[in-house]
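The feature active site, proton acceptor is assigned by Swiss-Prot to LYS175, HIS294. Residues or ranges marked as substrate binding site in Swiss-Prot: ASN123, THR173, LYS177, ARG295, HIS327, SER379. What Swiss-Prot lists as Mg(2+) binding site is LYS201, ASP203, GLU204. Feature annotation from Swiss-Prot assigns N-acetylproline to PRO3; the stated evidence is sequence analysis. If you look up Swiss-Prot, you'll see LYS14 marked as N6,N6,N6-trimethyllysine. Swiss-Prot lists LYS201 with the feature N6-carboxylysine, giving sequence analysis as the kind of evidence. Summarising the annotation, Swiss-Prot assigns site 'Transition state stabilizer' to LYS334 and lists sequence analysis as the type of evidence.
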Amino acid sequence: MSPQTETKASVGFKAGVKDYKLTYYTPDYETKDTDILAAFRVTPQPGVPPEEAGAAVAAESSTGTWTTVWTDGLTSLDRYKGRCYHIEVVVGEENQYIAYVAYPLDLFEEGSVTNMFTSIVGNVFGFKALRALRLEDLRIPPSYSKTFQGPPHGIQVERDKLNKYGRPLLGCTIKPKLGLSAKNYGRAVYECLRGGLDFTKDDENVNSQPFMRWRDRFLFCAEAIYKAQAETGEIKGHYLNATAGTCEEMIKRAVFARELGVPIVMHDYLTGGFTANTSLAHYCRDNGLLLHIHRAMHAVIDRQKNHGMHFRVLAKALRMSGGDHIHAGTVVGKLEGEREMTLGFVDLLRDDYIEKDRSRGIFFTQDWVSMPGVIPVASGGIHVWHMPALTEIFGDDSVLQFGGGTLGHPWGNAPGAVANRVALEACVQARNEGRDLAREGNDIIREASKWSPELAAACEVWKEITFDFDPVDKPDIEAK
């Protein structure tokens, strides 16, 4: 009898409730190369042993329910059940444990992030035996990742499309994010692109509101792109947000963007949903559009240390679902992000093979095989004085996005773009000459500002602006 059809009917059925750990806690289990592995931060309720809590997570996110059922005998639970195979204490935290769970690959539909998350982070997060639960990391085996298309194009194809190499790309989110007419919005796009930026961007909540309908915005932004390209000789783009109330409307907007000949569209992948995002990513690959991803709503899921899901999991899911850019924090700006933890998931977005490194929050070695990489976008409260640190932290394969740091320039939008482009070129040149950006960054910016009045004005405006808050997202003590 094949494992798929093997049953346990001959064993007999015994009704009642039994501890999860009797079936789902298997410390002797040797994980398979095809298993999806998960690391959960578990906070059990008082009186619940960690082994029972870890087993409950494995059970409720795979084949288990609260009581034994007749139909258990109609399948092979040993083939399909999740297994909690290891538990470790979190040093420095009261009543917290890392529970490692292995899931057989047959539990998941091929090419569906939606189905994967419905199982792994579904009802189990409301389980009463747990005070809190957080998914820290996933190991996606190549046998599963190869069922996904992944990013529409990836880093190298994007650089070839833009004909831009050897430096980070520069962007700007148009502000105010809401309230501008389409024509005034397009004017701001033109001024920023003409000044030297590679991209401008719709904010995440710009969709199709009464003050600016999407079709009008697309038309004026396309006009701005073509005008700026003609004047600068560079390929330009604007992230046209195609996010909509239905998948059909979203694809309609992407089709219109393609007909206009613009290079890139945008999607809010968490509020829009993984099914919609994957559909849009497939359309973008088939039609030559780059896809920029915004992570609006992520902090609702990932901000708390003991409950929810770490952003590195959302980043892996996005790489599988599809996107060419994704916002990833700045380390130095106004948004949450500790350096090593941020670089941990940045590597998971960009690199082919990432080694386990608990000091950076990476619980498992991840092999993406041939899946294209995603460009991280640093955005949020950054300005010209941050340019050396951003260039040093994120490297060439990144987008550095200055919204207020462009549009807040005292001389206007185009001079703000000029200031950022001059600062970036100065940092890249200094790095290529062997200078230490971390140590000499301020001197590099000051030297460049002597030859650029636009940069000098920006330096004066933002010389004392800092965001000095202690990040929540830090590695555990034992992982250092």
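The backbone N, Cα and C atoms fix where each Cβ goes, glycine too.
Only LYS201, ASP203, of the recorded positions LYS14, LYS201, ASP203, have a C-alpha within 10 angstroms of the C-alpha of THR173 (substrate binding site). For the recorded positions LYS14, ASN123, LYS175, LYS177, GLU204, a Cα-Cα cutoff of 10 angstroms around HIS294 (active site, proton acceptor) retains GLU204. In the three-state DSSP assignment, the secondary structure recorded for THR173 (substrate binding site) is strand. For LYS175 (active site, proton acceptor) paired with HIS327 (substrate binding site), the C-alpha to C-alpha distance reads 17 Å.
A simple way to gauge crowding: the CB of the residue listed as 'N6,N6,N6-trimethyllysine' has 7 other CB atoms within 10 angstroms, across all the protein chains here. For SER379 (substrate binding site), the count of additional Cβ atoms within 10 Å of its Cβ stands at 24 [all protein chains shown]. Nearest by CA distance to ASN123 (substrate binding site), out of the recorded positions LYS14, LYS201, ASP203, GLU204, is LYS14. Residues LYS201, ASP203, GLU204 make up the record's Mg(2+) site, and a Cβ search at 8 Å around their centroid adds THR173, ILE174, LYS177, ASP202, ASN205, VAL206, TYR239, ASN241, MET266, HIS294 from the same chain.
Burial estimate for the binding-site residues (ASN123, THR173): highest at THR173, by number of other CB atoms within 10 Å. Around LYS177 (substrate binding site), the C-beta neighbours below 8 angstroms that are at least 6 residues distant in the chain are ASP203, ASN205, VAL206. The residue listed as 'N6,N6,N6-trimethyllysine' sits 48 Å from ARG295 (substrate binding site), taking the C-alpha atoms as the reference points. Summarising the environment of HIS294 (active site, proton acceptor), the number of other Cβ atoms within 10 Å of its Cβ, over all protein chains shown, is 28.
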